[in-house]
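Engineer: Summarising the annotation, TrEMBL assigns transmembrane segment to 30-50, 62-84, 90-111, 123-146, 152-172, 254-274, 312-332, 344-365, 371-389, 401-423, 429-449, 531-551.
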């Protein structure tokens, strides 16, 4: 029984004492640590300069997003630091923070967002997110997977709230739209004696399936190429890759479970908003310095050392216990006949295996005495794996274009930050950071190429007319390039604006749970955020240049791929 309690605390080293704001040297050390985030703005300046030279028109948004996230993350760091240094972190401090986070989530994410057309959508989302998060958190606390301390509860709850919010917003909007589109079918079912639930069961299944599919797909694809944010933070803070995997499996399970519970609760709460007491549709539905910042990592034990496998298996009790919340989500899905139980179980099992493989591969790399060749091999492996057979199917030579674009964007950003000595050239930093950067650059590049191809095809006549009047391929497709770049880059810019307001970013969560000070964690997170934005921008712009030979002939004519 000694291993059945506070499993996360047993997995990770005890956090060091957090210095008070008034202690001698505190502000000197903090300002010294902020030099690295300041140096990391160099890569953002590169991205802004490229956007300006290419006349994309998103420079102001990028600068605003970076500045806003810098301020928000700094404020979050000081708030969490204040909570963590309290000798008695009283429950009211924690509860106040959690409910503030939920209120902010509801106010900022549901007001004027996806659920505009749903009556009382703010209240429905608030109750759904609260239930989904509290039920899962309470279950994990009862199983002693998480200790009841701010260091674990606040970041874990923030991740659950954010993901549950996304599922809730998509579900409400999709359910409302489907009920409106299929109004006649719903009213016919009601006239035949069906209850609101029976009349809208198909629409509810479809909306929940669409809302939950990103979380399920994300669980399937967690592997060596793009390490999850929390796992990245844990590794950078010095945790063993195998310890980081155990924590990541827990977080992945609770996020999926909280999202499922919130989505199902929401479907019940929507019926009074859509129907009258007489089971009639309401009228509204009838119309349309990292190394200096963090402590040095502990030595990684070899697989053959005495006690290694015992400690590893004891640590795996935590991920095993967290399956309880997945079982709850699967049971609810089954009772509601949503039909996503098989996909959920498959995703959980697949991510479990993939994350274990990641842990052992990284553990093997980290214990090598000369890891430089492994760094390069891992980097190339990640780049190749991410670009093979992705979104750019319709673009001729799309794999090669994506590979070069991602390599240039990621390589330029990483080399610049290495030259500035923002982080050291060691596997502990290079592998997880490059994985995050490559993953984001891959997503942006894929979206940019696909959108550019579709826009050129849609406006084929305008492009050909411009070419006939003597325009170059770049001049003829400038508007399409701007549109595709804006669509591809806007999610990253929007994400930067909201970091620290609603939920803590994944890497920051991992760092805090590994024992890093919140102020140290925000310094690292600012560096990562700047890197992600810069690498994505460079990769996206490079891909637009490389697409011209794929789209146009040597005589400046559109290729047959755009034929009707």
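The first residue you see is number 1, and the count goes up from there.
Any Cβ shown, glycine's included, is placed from N, Cα and C.
The structure displayed is predicted, hence computed values, not measured ones.
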Engineer: Give the one range among 254-274, 312-332, 344-365, 401-423, 531-551 whose Cβ atoms make the most pairs under 8 Å with those of the transmembrane segment (429-449).
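Structural biologist: Per the Cβ count, the answer is 531-551.
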Engineer: Would you mind listing the long-range same-chain contacts of the transmembrane segment (254-274), meaning Cβ under 8 Å and 6+ residues beyond its ends?
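Structural biologist: Apart from its flanks, the transmembrane segment (254-274) reaches 118-121, 124-125, 127-129, 131-133, 135-137, 140, 156, 159-161, 163-164, 166-168, 171-172, 175-176, 179, 196-197, 200, 204, 207-208, 211-212, 215-216, 219, 281-282, 285, 322, 325-326, 328-329, 332-333, 336, 338, 340, 344, 347-348.
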Engineer: Would you confirm whether the transmembrane segment (30-50) and the transmembrane segment (401-423) meet the contact rule of 3 or more C-beta pairs below 8 angstroms, pairs 6 or more apart in sequence?
Structural biologist: yes
